[in-house]
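Engineer: Quick one: the structure is below, and I'll ask about it shortly.
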Amino acid sequence: MGENHTQPRFILLGITDTPWAQAPLFGLFLLIYIVTLVGNVGLMVLVWVAPSLHTPMYFFLAHFSLADVCYSTVISPKMLTDLSFGDKTISWAGCVTQFHLFALFVTAECHLLAAMAYDRHVAICHPLLYATVVSPRACWQLVACSYLVASLSALIYTSCTFGGSFCAPRRVDHFFCDASPVLRLVCSDTRGSEAAIFALAAANRLGTSVVILLSYGRILLTILGMRSAPSRARAFHTCASHLASVAVFYGTLFFMYLQPASRHGSRDKVASVFYTVVSPMLNPFIYSLRNREVKAALEKCRRRMLNHC
């Protein structure tokens, strides 16, 4: 670890080193980041001010939007600075902090998606018990557990990734400090660290996805047993937004983190852009455009503001 003090900086190679592509990418990612902030913060404010959205599902959604804002902010400002000014260096502490916070909020999102699936399962399969099972206290406990597990996991990810001795030059072939490109710079044997990261990632991703699959398996059986076509349509509609978010989020995560570090390559940057930059922007649209309750709450807020004006 002595080498960490003699050369305490990394160089992020970025998305591309083509000069003519820097300005268009900066404009594109700046626009996406602004839309991400406006969409997710707007959704959180709407859940807070609209009484019709004071339900467990939207409580979880507000925390999901908060995690989106946080991990997007961990990545995007540094990426935009690199594209704009060309200074792609990042300090040792900055690299560790960026990776740790990113791992924390991404892992928290996995568990929040599982909590949202459980909420839908209870609402559709056990509606009479819903108010008792998914009580405000239970909601806070599920969110607290999500962040607790995510915090512990992030500590392990970070210690495994930055616990070795690094060789110079520390050129990270990525646009942020992620586990695989950082581990390639370690001089010592990384097989133990890679195995630990892979096992923990599998436990978090597969564990939460099993909860989601089991919840939706029970939901599907319950919906198919309904005699009323409008009831079936309503039940499917309440799950559509959450399923879309699950598909977008888990698709790229499984590609990125459930494969050995030796198999990672240039395609990782494309997948990383999708789930670190694009996915946080899409979630507010998924929940607002596909959800009658959110659209109704937006309309009520708009009318209230016009009346005050």
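For all residues, glycine too, the Cβ spot is worked out from N, Cα and C.
These came from TrEMBL, pasted as-is:
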type	residues	note
DOMAIN	39-287	domain 'G-protein coupled receptors family 1 profile'
TRANSMEM	25-50	transmembrane segment
TRANSMEM	57-79	transmembrane segment
TRANSMEM	99-118	transmembrane segment
TRANSMEM	138-157	transmembrane segment
TRANSMEM	195-214	transmembrane segment
TRANSMEM	235-258	transmembrane segment
TRANSMEM	270-289	transmembrane segment
Engineer: With pairs closer than 6 in sequence left out, are the transmembrane segment (138-157) and the transmembrane segment (195-214) joined by 3 or more CB pairs under 8 Å?
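Structural biologist: Per Cβ check, the transmembrane segment (195-214) touches the transmembrane segment (138-157).
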Engineer: Give the nonlocal contacts of the transmembrane segment (57-79) in its own chain as ranges (CB under 8 Å, at least six residues past its ends).
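Structural biologist: For the transmembrane segment (57-79), the nonlocal Cβ contacts are 12, 14-15, 29, 32-33, 36-37, 40-41, 43-44, 47-48, 90, 94, 98, 101-102, 105-106, 108-109, 112-113, 115-116, 119-120, 123, 139, 142-143, 146, 175-176, 245, 276-277, 279-281, 283-284, 287, 293.
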Engineer: With Cβ-Cβ distances below 8 Å as the criterion, list the same-chain residues six or more beyond the ends of the transmembrane segment (99-118) that contact it, or say none.
Structural biologist: 57, 60-61, 63-64, 67-68, 70-71, 74-75, 142-143, 145-147, 149-151, 153-155, 157-158, 161-162, 176-179, 182, 204-205, 207-209, 211-212, 215-216, 242, 245-246, 249-250, 253, 275-276
Engineer: On average, what pLDDT score does this prediction assign to the domain 'G-protein coupled receptors family 1 profile' (39-287)?
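Structural biologist: On average, pLDDT over the domain 'G-protein coupled receptors family 1 profile' (39-287) sits at 87.
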